[in-house]
């Protein structure tokens with residue numbers, strides 16, 4: 001109450017920000033006449049003048065009024081579009097590194113031009129990030145002529161481009177592309193084999209379009225580059241056969257093999273389920289008599305079993321995925337689009353493939369990964385724009401340090417948002433939706449129906465066919481036609497069913513898209529035909545406006561109010577009339593899981609009967625409270641994911657920095673020599689403990705260790721017999737000299753140049769190989785870390801501590817393996833070095849995943865998360881090696897001093 005009173009007196013923070021930015025807009029407006037009088041040449045010359053002023057230590061902020069005035073004038077001349085004041089407001093907010101919330105149809109594409117132009121002047125590059133390839137291509141081609149007129153180059157990053165074209169696109173002043181492509185290019189650059197192969201420059205400034213979709217909806221799904229791991233696809237098929245025999249436990253303590261936690265989107269085997277699983281495994285010969293599913297040797301089976309169970313119980317065809325061309329293709333829950341080439345990780349995708357009877361592709365091992373949260377925080381300056389960000393303002397501020405500024409609309413909003421209508425059953429709800437659609441269709445009012453899944457859109461389509469209502473369906477199966485269908489969704493009486501936010505970024509114009517119709521005539525069409533099309537379009541436009549504009553129907557509430565607002569925002573653009581209504585039932589996911597008791601109680605109190613709908617502010621408020629609860633829950637998960645990924649991010653930063661330094665270095669011989677001294681010192685200390693007496697020395701073991709690990713044959717026992725004065729320090733020096741001598745001989749044979757090249761190639765190969773193994777170990781650690789909570793330990797602290805220990809061990813292994821490789825491999829010519837390079841490239845046959853993220857407490861994942869079961873740890877083949885027995889690797893050392901140390 002006090003806050004409301006203060007904001008009435010002093011204005012909200014948003015009002016105060018807008019007041020200060022409006023002063024700058026007034027300065028831009030004051031320059032409009034002056035710049036309109038300039039010739040094209042004079043206007044174009046401004047770009048070089050601005051760059052000279054920047055070189056003379058003027059700041060970008062000082063250039064805002066003139067630079068924005070130049071872009072506005074260029075927009076009028078090149079595109080025939082003048083930036084409105086609110087668009088300039090948005091541009092200044094973007095330049096300030098904030099998020100501009102602008103309603104649908106307010107021209108966000110044009111808003112970005114002024115901020116992109118200004119920030120491209122220093123020559124460090126600007127990235128404009130969109131949600132799909134179509135929008136990146138469209139926006140770059142649409143705005144490209146404006147930038148070109150002002151002397152700036154434009155590049156586009158598309159998914160099918162070769163590295164040369166990518167590099168050229170990144171060297172442009174302004175580069176358009178999707179979030180996935182920018183993220184994958186960053187990871188690919190950090191797997192490159194030379195600096196010349198890297199395509200990206202330093203990450204300077206990014207404008208993220210649909211920022212809520214990219215930085216919030218997709219924040220829990222990391223980008224992963226992976227390579228094939230050894231895994232039997234036959235096992236997935238064998239285990240898949242058992243799944244129909246398992247029964248769900250319907251009530252607590254009742255019969256059944258598994259329970260489902262819908263809130264957490266998890267499935268758990270009951271005690272009876274464990275016994276049943278073991279029984280079917282025994283019958284099929286996958287387990288032996290007397291074995292348990294939890295024996296170390298059967299952990300792999302358990303991993304496959306859990307993946308198969310989740311595939312059958314939690315993942316549904318035409319909701320979470322579709323089957324197309326003998327492949328399981330994931331459907332993006334936020335956009336309803338298919339994601340070809342993307343795969344769920346950790347065996348889940350293979351289990352779904354087995355369930356659907358398609359070809360099973362091999363399981364993958366992570367080679368590189370990053371979350372969008374950490375990728376976008378690498379930019380020196382970040383800004384974003386969207387139609388719906390205010391509900392998530394707290395998260396943007398907390399995680400990205402981005403403030404949301406709500407920009408007023410150019411024309412007043414006249415859309416009517418009707419209250420929710422709630423029914424008892426889904427059947428009644430669909431019947432009411434069909435009646436509403438028929439009414440609008442009869443009156444010539446266009447309708448857009450938003451659904452949460454392909455299944456719902458196809459069900460509604462079936463009902464409309466029965467009623468003989470002509471309509472178009474836009475979902476993941478038909479997104480090739482997406483822009484065309486959406487562009488014409490505003491024609492009189494048109495009925496369009498769209499999954500979620502498909503077609504985002506394309507405006508629905510009342511009366512249909514005039515530009516699209518004119519384009520069908522071709523460039524040489526006569527004037528009369530064009531005039532006829534314009535006249536017909538105007539008639540249609542007037543008819544739609546008279547019928548009430550575009551009517552939006554929501555078939556259920558999404559977990560996030562923001563996604564609902566996005567659907568509403570398709571109507572009422574630029575002051576157009578329009579209306580929206582959501583139809584709900586107590587059988588909807590959100591209502592059933594999060595709000596059913598409260599709402600059904602309300603309905604009973606209000607005396608509701610079957611077939612009746614309830615429309616009441618209390619109900620709407622109760623639903624929004626349920627949504628707030630889910631949003632808070634999802635925010636906690638994303639925050640938790642970030643806290644865990646920050647640990648990996650620090651390590652990733654160190655490794656990538658080391659890689660870049662290695663690739664940039666001409667000569668790494670000093671580094672190799674320093675590493676060699678440390679590695680030999682550690683090895684000698686295993687057999688000759690520092691400060692020990694000679695009776696404690698294990699000379700045969702040391703000789704064997706040097707020979708097996710580094711190929712160095714030395715007679716240390718002979719040295720000691722010949723020189724009784726040899727003590728620990730001098731012995732270390734003699735061994736070091738012998739190592740240096742052997743290495744020097746190798747260098748003499750091939751020459752210094754080949755050796756330097758080989759050292760660099762070997763270091764990069766070992767670094768990449770060990771980093772890949774480390775990522776797998778980090779995955780294993782993260783999967784089980786939440787169990788530490790049962791031991792009264794803080795899982796986050798334990799994860800940080802153990803991840804650091806793993807990282808230290810990896811660094812030691814890198815040093816050891818580099819020296820072992822350099823010492824043992826025979827190099828004769830440059831061709832041998834090329835062979836090492838070839839091996840590294842072969843090991844990098846990769847696949848790109850935007851896979852389901854795993855959080856610490858997967859048990860608290862949200863309704864639509866796709867967290868994967870834990871990976872199977874390494875399972876020993878054969879008998880256990882005793883700690884004092886020789887290590888099976890052949891080093892000659894005791895197991896406890898060799899590979900036993902890693903355990």
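Cβ from N, Cα, C; glycine included.
Feature annotation from Swiss-Prot assigns ATP binding site to 87, 105, 106, 107, 108, 109, 507; the stated evidence is sequence analysis. What Swiss-Prot lists as region 'Disordered' is 854-893. Per Swiss-Prot, the feature compositional bias 'Polar residues' maps to 856-869. Among the features that Swiss-Prot reports, compositional bias 'Basic and acidic residues' is placed at 874-883. Per Swiss-Prot, the feature Zn(2+) binding site maps to 887, 889, 898, 899; the stated evidence is sequence analysis.
Neighbour count (other Cβ atoms within 10 Å of the Cβ, all protein chains): 17 for residue 507 (ATP binding site). Taking the mean position of the Cβ atoms of 87, 105, 106, 107, 108, 109, 507 as the ATP site, the remaining residues of that chain whose Cβ falls within 8 Å of it are 102, 104, 110, 111. Counted within 10 Å of its Cβ, the other Cβ atoms near residue 107 (ATP binding site) come to 19, all protein chains included. Ranking the binding-site residues 87, 109 by the number of CB atoms within 10 A of their own CB puts 87 at the top. In this entry, 87, 105, 106, 107, 108, 109, 507 make up the residues listed for ATP, with the farthest two CA atoms of the set 17 Å from each other. Within 10 Å of the C-beta atom of residue 108 (ATP binding site) sit 23 other C-beta atoms, taking all shown protein chains into account. For residue 105 (ATP binding site), the same-chain residues lying six or more positions away in sequence with a CB closer than 8 A to its CB are 507, 573, 574, 576.
Sequence-distant contacts of residue 106 (ATP binding site), defined by Cβ-Cβ distance under 8 angstroms and a gap of at least six in the same chain, are 86, 87, 90, 407, 409, 410, 573, 574.
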